[in-house]
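Everything on this sheet refers to the single structure shown next.
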Amino acid sequence: MNQISINNVDYIYSDGFEALHDINMSIKKGERVAILGPNGAGKSTLFNMLNGIISPTSGEVKINGLDTKVKKNLNVIRRDVGMVFQDSDDQLFNSSVMQEIAYGLVNMKVSEEELQSRVKWALNVVNMDGFEKKSPHNLSGGQKKRIALASVLAMKPEVLVLDEPTVSLDPRGTIKLVKLLKKINEEMKITIVFSTHDMDIVPLFADKVYVLNEGKLILQGGVKEVFNNKKVLRNINLRLPRVAHLAEILKSDGCIEFDELPLTIGEIRKCIKNLKGGI
């Protein structure tokens, strides 16, 4: 059974704007799935359906077989699907890190002992031990992102949904966050669904990609399969990973002929070593 099933979903806002049209997606437990598309493609609307913030106008969204339209399912769905917003300041509103991470647990009515244990565990996972008494609002952008993530992890979700997780992070912060998310996925078997405009992190992290444009699903498949549809991506103002673009230039200049398009530094380095007999 798919962990997330999205079947024939449409969503129409009250003003008549159709944000999503006939969307179908299947996501299995433990997958890392990138949702790509230009601004206004429908990504945020889709994400808001995954834990029942909004319901489809037609079609269905199911999490572990539970329909998000059924009100009695929502407590379980919202426990199982953790949302991390694009702007951490939209998610952090308590006066201390401890209170921030404990907030959802208090609402779940877990015991004090369990609460303390989960807060400590979540901070350890995101490498923020010792920050319990600090104010979230005085932290750096990268630290805020980790605290927001910890507050969701403390709920022990089965799925993490991240809206533009690397936005506003510097290159070092981006790499650290990607490594952390990969560790969470691999060690805890948590499914991760994320949107991004940073094409360079997609081949480093995702194993499946869906591409939306104007509310419609226009591409889906493995990372290489999707990025090989270069014309489609460029027509909706999405770029290739920079390494892939460099490979295109080298090929068009007659410098190197690649058997398949490299997407990461590691892949292009391997191609060049194979062609040149090692460097």
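Cβ atoms here come from the backbone N, Cα and C positions, even for glycine.
Taken straight from Swiss-Prot:
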type	residues	note
DOMAIN	4-239	domain 'ABC transporter'
BINDING	G37, P38, N39, G40, A41, G42, K43, S44	ATP binding site
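The ATP site, placed at the center of the C-beta atoms of G37, P38, N39, G40, A41, G42, K43, S44, has further neighbours from the same chain whose C-beta lies within 8 angstroms: L212, N213.
Considering only the binding-site residues G37, P38, G42, the Cβ with the fewest other Cβ atoms within 10 Å is that of P38. For the domain 'ABC transporter' (4-239), the model's average pLDDT works out to 94. Following the DSSP three-state reduction, the secondary structure of N39 (ATP binding site) is coil. Counting other CB atoms no more than 10 Å from each candidate's CB, the binding-site residues N39, S44 peak at S44. Within 10 Å of the C-beta of A41 (ATP binding site) we count 24 further C-beta atoms, all protein chains included.
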